[in-house]
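A short write-up of the structure that comes next.
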Ligand SMILES: NC(=O)C1=CN([C@@H]2O[C@H](COP(=O)(O)OP(=O)(O)OC[C@H]3O[C@@H](n4cnc5c(N)ncnc54)[C@H](O)[C@@H]3O)[C@@H](O)[C@H]2O)C=CC1
Ligand SMILES: O=C(O)[C@@H]1CCC=N1
């Protein structure tokens with residue numbers, strides 16, 4: 001199976017290309033790449049990948065096409081997929097718009113943890129997508145982590161807001177935590193290490209047992225101590241509402257991007 005990867009040297013495209021090769025899901029000769037800058041002589045340690053000069057050349061040499069360009073670059077791509085399976089990573093470009101390229105459309109929403117093979121990349125399959133296509137999509141996405149199939153396209157907008165945001169909210173929390181420490185005289189490096197302990201160490205504790213988060217909170221609250229005082233203050237200050245507001249804003253952005261790019 002030859003896979004054409006458009007945006008092959010971008011953040012996600014590069015992670016997917018690296019994962020496909022490193023995990024042996026594709027041989028270098030099965031990868032057809034397109035970027036805007038220039039072909040690379042060494043793509044994640046491989047020289048014998050194929051570089052296309054434009055989208056038409058990529059399509060001609062590919063069975064499946066992965067679109068990993070930014071949403072604003074989609075119109076200029078002028079992709080003509082000729083009935084092939086097209087897997088889009090783009091936020092906010094809906095199936096109605098994508099269908100104009102003449103492919104069988106699947107939308108997936110990876111995140112930046114693709115870099116370390118830990119992306120959760122749920123997908124939604126449009127009309128005409130076959131069982132074999134779904135198996136292909138699962139195989140490709142396994143190169144960067146795990147996946148689930150979603151029931152509706154609207155759910156992709158919700159996934160864009162949450163898992164799609166990757167490390168953004170942990171980074172926001174870490175930045176606020178380190179700022180609190182610095183403002184109270186803790187040296188810069190130690191302030192960051194303290195924030196890392198809470199954000200990264202804490203996240204590791206929750207790995208593979210995230211559904212236990214409410215029970216973990218209850219355990220902290222049961223001490224009626226320092227963490228309980230902090231949690232109560234965070235709730236009173238609107239922490240859960242802030243998360244809800246953030247995710248609602250991101251979902252709405254994804255939804256309205258879809259509307260503005262859909263054909264009239
Ligand atoms: N970065 C992230 O965390 C996430 C990104 N996405 C989506 O994935 C897509 C890619 O995002 P990133 O990798 O972060 O962006 P990026 O900007 O790092 O990579 C996009 C690449 O596409 C290339 N490109 C643009 N137009 C092109 C064209 N006509 N032909 C060939 N190459 C072209 C650019 O030069 C760039 O290297 C976006 O649509 C974004 O909405 C989705 C979920 C998470
Ligand atoms: O922020 C963005 O628009 C991209 C899509 C989802 C995550 N990052």
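Cβ coordinates are placed from backbone N, Cα and C, and glycine is handled just like the others.
Features as listed in TrEMBL:
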- 6, 7, 8, 9, 10, 11, 12: NADP(+) binding site (BINDING)
- 2-91: domain 'Pyrroline-5-carboxylate reductase catalytic N-terminal' (DOMAIN)
- 153-257: domain 'Pyrroline-5-carboxylate reductase dimerisation' (DOMAIN)
(Q) Applying a 10 Å Cβ distance cut-off over all chains shown, what neighbour count does residue 6 (NADP(+) binding site) have? (A) 28
Q: Using DSSP, tally how many residues of the domain 'Pyrroline-5-carboxylate reductase dimerisation' (153-257) sit in helix, strand and coil.
A: 89 helix, 0 strand, 16 coil
Q: With the Cβ under 6 Å from ligand 1 as the test, give me the qualifying entries from the binding-site residues 7, 8, 10.
A: 7, 10
Q: Determine the mean pLDDT over the domain 'Pyrroline-5-carboxylate reductase catalytic N-terminal' (2-91), rounding to the nearest whole number.
A: 97
Q: Look up residue 8 (NADP(+) binding site) in the DSSP assignment and reduce it to helix, strand or coil.
A: coil
Q: Tell me the Cβ neighbour count for residue 9 (NADP(+) binding site), meaning other Cβ atoms within 10 Å of its Cβ, over all protein chains shown.
A: 18
